[in-house]
Amino acid sequence: MTRLRGLYAITAPELTPGKELLTACAQALAGGARLLQYRDKQASPALRLARARQLRELTHAHNALFLINDDPALALACQADGVHLGQGDTPLSEAREMLGAEAIIGITCHASLALAEQAMAEGADYVAFGRFFHSYTKPGAPAATVELLQQARSAIALPRVAIGGVNADNAPALINAGADMLAVVHALFGAQDIHAAARQLAELF
Ligand SMILES: Cc1ncc(COP(=O)(O)OP(=O)(O)O)c(N)n1
Ligand SMILES: Cc1ncsc1CCOP(=O)(O)O
Ligand SMILES: [Mg+2]
């Protein structure tokens with residue numbers, strides 16, 4: 001079974017305040033998330049390192065992949081499996097040099113096949129398109145269409161992530177259009193029952 005497939009949970013510490021972050025992530029992983037990304041735009045560097053180390057242990061216990069958003073140095077420090085980079089983040093080549101050939105590096109491509117082709121040529125391990133729907137987490141992210149995902153299926157020979165407003169109702173259309181992973185924040189960590197929400201999304205794969 002390929003490693004880069006399934007539910008990709010992305011943290012939102014503001015939705016799970018204080019020490020509940022670890023519990024919330026444990027519920028998402030127990031519900032079937034195969035990848036977890038630590039995304040935290042607010043905590044101090046020291047708190048981010050402490051949280052990343054805890055989440056690293058937790059993902060090991062669930063045999064899930066662990067990626068860090070934005071920050072290859074933090075990924076290195078906590079021995080994450082990789083990093084997710086946006087177009088304005090550290091260049092892929094620099095992150096690859098820091099983390100090595102085995103690291104998983106994912107790249108945001110918004111709604112652009114050209115960006116995905118570039119990421120592929122530069123050695124990315126997956127590409128991410130979106131946002132596909134209204135996103136509570138990042139409402140201003142550039143919009144992508146399901147048709148783009150269908151085009152990417154034949155044009156981009158890398159695992160493809162769909163992100164942005166993904167929930168259990170709209171997820172099947174994204175999987176049918178060629179999404180290998182569904183990256184979810186609000187429909188997961190904003191749910192009353194995180195475990196049930198994760199299971200519902202994970203069972204679609
Ligand atoms: C899986 C995945 N896809 C896209 C993003 C967005 O990354 P980026 O464009 O760098 O935006 P921020 O997340 O940093 O606000 C992501 N984090 N993960
Ligand atoms: C980080 C990011 N990039 C594009 S949309 C998005 C947020 C996804 O969160 P949600 O699942 O709550 O829409
Ligand atoms: Mg980023």
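Placement of Cβ uses the backbone N, Cα and C atoms for every residue, glycine included.
Its own atom aside, the Cβ of Lys138 (4-amino-2-methyl-5-(diphosphooxymethyl)pyrimidine binding site) has 14 Cβ atoms within 10 angstroms in the protein chains shown. The 4-amino-2-methyl-5-(diphosphooxymethyl)pyrimidine binding site feature in TrEMBL is assigned to Gln37, Tyr38, Arg39, Asp40, Lys41, Asn69, Thr108, Lys138.
Annotation source TrEMBL lists Mg(2+) binding site at Asp70, Asp89. Proximity of Asp70 (Mg(2+) binding site) to non-local residues of its own chain (separation of 6 or more, Cβ distance below 8 Å) is seen for Arg39, Val83, His84, Leu85, Gly86, Asp89, Thr90, given in sequence order.
Across the domain 'Thiamine phosphate synthase/TenI' (7-188), the model assigns an average pLDDT of 97. What TrEMBL records for 7-188 is domain 'Thiamine phosphate synthase/TenI'.
Among the binding-site residues Gln37, Tyr38, Arg39, Lys41, Asn69, Asp89, no residue is identified whose Cβ is positioned under 6 Å from ligand 2. The local packing around Thr108 (4-amino-2-methyl-5-(diphosphooxymethyl)pyrimidine binding site), expressed as other Cβ atoms within 10 Å of its Cβ over all shown chains, amounts to 22. In sequence order, Ile10, Gln37, Tyr38, Arg39, Asp40, Val83, His84 are the residues of the chain that are 6 or more apart from Asn69 (4-amino-2-methyl-5-(diphosphooxymethyl)pyrimidine binding site) and have a CB within less than 8 Å of its CB. Per-site Cβ counts within 10 Å over the binding-site residues Arg39, Lys41 peak at Arg39. Largest Cα-to-Cα span within the 4-amino-2-methyl-5-(diphosphooxymethyl)pyrimidine-binding set Gln37, Tyr38, Arg39, Asp40, Lys41, Asn69, Thr108, Lys138: 17 Å. Burial estimate for the binding-site residues (Asp40, Asp89): highest at Asp40, by number of other CB atoms within 10 Å.
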